[in-house]
Each structure stands twice: as structure tokens, then as C-alpha cells.
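Taking it in order: structure first as C-alpha cells, then the write-up.
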Amino acid sequence: MRPSELTQLKQDGRAISILTAWDGLSAALVEAAGADVVLVGDSLAMVALCHATTLPVTVEQMLHHTQAVGRGFTRPLPQQPLVVCDLPFLSYQCGEDKAVAAAGSLLKHSCAAAVKLEGAEPEVLAVIERLVRMGIPVMGHLGLTPQAVHRLGYRRQAEDPRSQAQMLQQAKQLEQAGCFALVVEHVPSSIARCLSQQLTIPVIGIGAGEDCDGQVRVTADLLGLTPSQPPFSPPLIQGRQLCVEALQGWVKQLHQQAETATTTTSQPEPDC
């Protein structure tokens, strides 16, 4: 899967599926599920590294986890999902050269074929244009942007006409800057539908209704592995509970075997 193929999927009316992965095991599961795109999201800061937000994760850590994702795939390269890697906080907000170095490192030394950036500020648009000129595909991200948690929080975005008009303008700017797709998170379905209709590039929703060109989800949330999930991403199974019960069963069985062994007739020790 190549970035340019996602636009064709939109034109064909086929929903685009994106799931996150953070190591080889999760990558193998997502690949087997048939997802079009694997996102190595900076959400791994919380899912895999137990941070409270996405902010602490570094470029080096993103590279480490993306390399692990690549090793988890089992299919030949042409049949593998497209891998998009998040550029973490302050890896692209501090200048174009730093952004090019970070994105270039991810594409050179891992299976990533594209990067994702949050926001549409003038500085971010300039970075996107520079990356695209350098041959690095870029996915945009508007709405709830976790890297801006201290400014915006986790509340739903674009709820009034003024902010919706601003989002539409920003989305068009991102498309013009060269983004091949756009993620919109935790926004009303009406604005997501409008974006999908007015943009040529695919609009991928998470908590943005069902009228987008595709959907992205954090795999650990869908599997119920995280302690809690966002209201717009309910779990499909209670994976955390199932795993704990299975491991508890093993521990219990081990203890029972030990108790049984102590109550049986002892056998003479063999000569060593």
C-alpha cells in the first residue's frame, strides 16, 4: 500500500482502515486483520511506556518501536500495510531542518513510509511543504490534537460555526501543502462530512462520525487492553479482563500442582 493509493480508495468508495501498532506482536495482529494502514502513533507513550500523555515520547523511541513493528510483519513488502509514524512533540515545531532530520531518520531506518503531524499553524504548514518537497509523504491531523493537551485538553473540537469554518480552511491548507490524507479527531460528524466532501484527499475519522473516508483506532482501546477508553472508541472485547483471567488461571494451576506434589508419597532421591 502506497500513500497515493488511499486517494484511489476514496474515489472507489471503499472505507480506509487504520489501526495502531507499537511492537512486533501488535503489528502481526493488525496485519492479519487486514488493515490498510498501520499507524505507529505517539499514543504508544501511554499504551506501551505508561506515560500520562503523548508528550514525553522521543524520536529515538518512535524509531525503536517502528523498527519493531516492521519486524512483526509476515507478508512480503508489497503486501504489507502502509506504515505511518507520528512525529512526536517538538520534533517538528522547532524548525524545518529538525523536522526533516526526524522524519528522514524514521523513513531511512525503519519500515515507515510516511509521517503524521498535528495542527495547521503557519510553521507546521511550512514544515509539511518542506517534507513533501524532500519526498516524505505527510498525513495531517486536526481536531483533538493530543500534543496540544495543555492548551486544548481532550474536549471535543469545532463545535461552533466559527471554529468549523476555521477547520475547513485549515484542512484545505493542509491539502494544498501536500498532505496525502487527513485525520480528524473528536469533532462533530457534520464538519467531518463537510471535509470529506470538499477535500480530494481522504479524511480519516476517530470520534468524527461515520461519514468519513475511513476510520482510525488505537488497537489497544479496541481490544479493551487499556484501563479506560475514550467515549468515541469503545472496546470490542474486554481483552484486559480476559488476559488477567487467563494468567490467574495459570498461577492457580501452578499453585495447585505444587500443593499436590507435597501431599503425594515422597520418592527416594536418585543418586547424582
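Each residue, glycine too, has its Cβ placed from N, Cα and C.
For the 3-methyl-2-oxobutanoate site, Swiss-Prot lists D42, S43, K116; matching the candidates D12, D86, D160 against that entry yields D86. DSSP classifies E185 (active site, proton acceptor) as strand under the three-state reduction. The two recorded residues, S43 (3-methyl-2-oxobutanoate binding site) and E118 (Mg(2+) binding site), have Cα atoms 13 Å apart.
Note on proximity: among D86, K116, E118, the binding-site residues of the record, the Cα nearest E185 (active site, proton acceptor) is that of E118.
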